[in-house]
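Presented below is the structure to which this report refers.
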Amino acid sequence: MATTSHVEHELLSKLIDELKVKANSDPEADVLAGRLLHRLKAESVTHTVAEYLEVFSDKFYDEEFFQMHRDELETRVSAFAQSPAYERIVSSGYLSALRYYDTYLYVGRSGKQESVQHFYMRLAGFCASTTCLYAGLRAALQRARPEIESDMEVFDYYFEHLTSQTVCCSTPFMRFAGVENSTLASCILTTPDLSSEWDVTQALYRHLGRYLFQRAGVGVGVTGAGQDGKHISLLMRMINSHVEYHNYGCKRPVSVAAYMEPWHSQIFKFLETKLPENHERCPGIFTGLFVPELFFKLFRDTPWSDWYLFDPKDAGDLERLYGEEFEREYYRLVTAGKFCGRVSIKSLMFSIVNCAVKAGSPFILLKEACNAHFWRDLQGEAMNAANLCAEVLQPSRKSVATCNLANICLPRCLVNAPLAVRAQRADTQGDELLLALPRLSVTLPGEGAVGDGFSLARLRDATQCATFVVACSILQGSPTYDSRDMASMGLGVQGLADVFADLGWQYTDPPSRSLNKEIFEHMYFTALCTSSLIGLHTRKIFPGFKQSKYAGGWFHWHDWAGTDLSIPREIWSRLSERIVRDGLFNSQFIALMPTSGCAQVTGCSDAFYPFYANASTKVTNKEEALRPNRSFWRHVRLDDREALNLVGGRVSCLPEALRQRYLRFQTAFDYNQEDLIQMSRDRAPFVDQSQSHSLFLREEDAARASTLANLLVRSYELGLKTIMYYCRIEKAADLGVMECKASAALSVPREEQNERSPAEQMPPRPMEPAQVAGPVDIMSKGPGEGPGGWCVPGGLEVCYKYRQLFSEDDLLETDGFTERACESCQ
């Protein structure tokens with residue numbers, strides 16, 4: 001292996017610095033900068049398997065597999081280093097290379113890092129050794145892939161999928177798979193008892209700190225907080241301090257999302273904790289709301305009606321109920337006078353929209369949809385907390401819940417497309433149900449397509465492998481026995497926008513909508529098939545299966561009216577019979593997470609979102625790097641580059657003739673958001689957990705509260721579980737859509753995980769001082785009795801120090817509001 005001299009090192013560094021700043025306008029410069037960075041790092045990485053084992057063997061939980069197959073591994077790794085797959089990896093641009101060395105490659109003694117080749121060897125070796133350790137898991141793999149016999153053929157199976165990047169793993173898996181005593185779960189959910197000061201202390205110092213130490217994103221339910229008479233802001237600041245401590249000097253920042261229901265007496269103070277003008281804000285954490293459908297029904301039908309607030313100690317069973325049972329309990333408590341305050345429901349919506357526009361959150365989930373579509377009945381123990389990215393849903397009161405994530409790189413499933421990976425076997429053996437399905441999507445490519453279509457066979461192969469990868473991480477890397485036994489899996493995707501563009505379609509074209517549903521139906525079907533095989537051969541069926549809806553022949557899509565299936569119902573029925581007979585290893589299957597971290601490695605678009613920008617920046621641990629849309633620049637004609645560079649790649653700013661040529665590369669901000677919501681609804685029947693559905697608004701649209709409020713109502717009407725993950729705002733003054741650094745006042749998550757750490761996902765830019773009207777807190781005891789004891793008959797109390805208006809013609813206008821200072825502002 002060639003090494004670099006001091007002079008060469010300096011020269012390479014200067015060349016990289018010169019080239020990387022051109023990445024958004026010169027794709028060749030981006031590729032060259034990435035290749036040079038790999039060359040620059042060659043001196044500090046391991047070169048042979050023998051050297052790798054010498055440096056890292058004391059870190060492995062199973063060194064024996066690597067030692068036993070050392071020579072064979074050297075052969076595989078050497079062949080990979082000369083392969084087209086490796087060439088694609090090192091040619092994926094500067095940000096991809098930076099991400100490897102900055103985050104994913106394991107560091108050993110004396111600062112020696114594993115090489116990219118050995119990184120993939122470690123991941124595949126972990127999966128292979130785990131598969132060989134569990135005889136049932138190996139038997140299931142051989143049932144799915146009968147051609148696999150020897151240990152090294154098991155290794156090859158995982159190695160080929162990982163190095164071809166058809167299967168991409170979460171950040172915890174990529175960083176710690178194979179490392180002794182590591183937790184590989186991406187998400188941790190907990191709803192602790194917060195009813196007393198002692199309970200809060202236990203929850204924070206005994207449990208939360210441990211979860212953050214394990215470098216996982218955490219979702220915490222805080223609806224039960226405040227019963228001890230303390231302000232919720234105190235609890236939020238304590239959580240924020242925990243996060244900031246654990247993130248100091250850390251390669252992979254983590255965070256916490258705190259979830260509350262909107263009937264809580266301190267809901268306004270809860271929302272306030274993220275507002276940039278709040279000098280005690282909590283920039284390191286995120287807020288989320290589990291909103292009952294009653295709230296949306298009242299806002300839509302009678303927006304001036306009262307919304308009642310309750311102290312959690314007087315709220316009866318509100319926290320544990322949903323649907324009609326929740327409504328009955330809510331009105332029973334109101335009739336009994338148990339409420340401690342009331343506010344116009346418009347006023348509360350004002351505050352929610354205000355916070356979303358200025359801080360990007362709260363994340364908003366529909367309580368009924370999350371609970372009613374779960375695999376068992378949750379009435380009386382309803383979920384009211386999700387994970388850090390609002391796509392993983394599990395009950396978490398009785399024990400901590402976890403989820404292991406992976407995702408499929410959809411562009412690798414294109415037929416004859418550049419960078420596509422061809423299947424290496426004939427589909428004549430394996431799971432008979434999967435073999436009965438079509439190999440290609442019937443949706444035909446459009447004009448300008450670079451591929452001949454989308455390969456459903458490759459998608460199913462990748463989904464099957466991802467299910468085995470997640471099974472390995474569950475069996476060897478779960479933090480508790482309870483979470484391991486539940487075997488919650490979340491399979492997502494990246495590069496959906498790339499697929500549509502490569503097939504010649506705009507994101508919301510009819511063919512895109514058709515393939516959108518088809519992809520997730522086949523993923524859900526394949527994950528169920530594979531999980532059933534694993535359960536049969538390992539004899540590990542998740543607890544509660546016999547009481548689950550699956551045991552009665554149920555599928556998640558049964559609960560969604562009007563679901564069109566591309567897989568014949570006869571084949572679904574055969575799968576149902578198999579599951580009823582053999583059970584399931586996993587309790588959950590599909591969760592569409594943000595994939596910012598691993599999408600940077602592959603150079604694909606993030607998750608299932610439309611393109612965020614064609615030329616943007618990304619903040620890493622060490623620098624702010626340019627991030628070009630590689631699919632876009634691959635399709636740009638040479639004679640169009642200058643015009644596109646002038647507008648930062650923004651298609652909407654081009655002259656009409658040129659704009660028409662590149663319409664399929666419009667950004668998420670250019671599309672009608674209701675169309676994007678509808679596409680989320682189309683795939684929802686096959687997403688048994690949830691999807692991190694974000695909204696993308698232009699600044700002029702976000703300046704009207706009605707825009708965002710109407711979109712939230714529309715998502716509710718369509719029954720989405722996650723109504724809104726982020727609210728992202730495109731600044732009107734920007735000539736190019738740029739993902740900028742968060743200001744000192746704001747900190748927005750970064751994403752991993754396949755991930756989740758919203759510490760990599762940059763927040764929407766804050767708007768100028770709040771664009772929303774509404775009270776910060778209204779705790780009235782009766783009609784017209786305000787926070788300071790003053791009365792405004794027939795009006796709604798608003799502290800003028802917090803009153804900031806939308807346009808006068810806004811749906812959420814402020815007619816009838818009366819201004820005066822509340823007691824705390826006088």
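Cβ coordinates are placed from backbone N, Cα and C, and glycine is handled just like the others.
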Substrate binding, same site as SER186, CYS187, GLY217, ASN387, LEU388, CYS389, ALA390, GLU391, PRO594, THR595, SER596, GLY597, CYS598 - Swiss-Prot member from THR171, THR201, THR223: THR171
- line: In all the protein chains shown, the tally of other Cβ atoms within 10 Å of the Cβ of THR171 (substrate binding site) is 28
Message: Checking your reading of the structure: which of the recorded positions CYS389, GLU391, CYS403 lie inside a 10 Å Cα sphere centred on TYR725 (site 'Important for electron transfer')?
response: CYS389, GLU391
Statement: Sequence-ordered, the recorded positions among THR171, CYS187, ASN387, CYS389, CYS403, GLY597 whose CA is within 10 A of the CA of TYR726 (site 'Important for electron transfer') come to CYS389
Statement: THR171 (substrate binding site) and CYS403 (disulfide bond), compared by Cα position, are separated in whole Å by 13
Query: Which of the three DSSP-derived classes (helix, strand, coil) applies to CYS403 (disulfide bond)?
result: strand
- prompt: What span in Å does the substrate site cover, taken as the longest CA to CA distance among THR171, SER186, CYS187, GLY217, ASN387, LEU388, CYS389, ALA390, GLU391, PRO594, THR595, SER596, GLY597, CYS598?
  reply: 19
Task: Compute the C-alpha separation of CYS403 (disulfide bond) from GLY597 (substrate binding site), stating it in Å without decimals.
output: 18
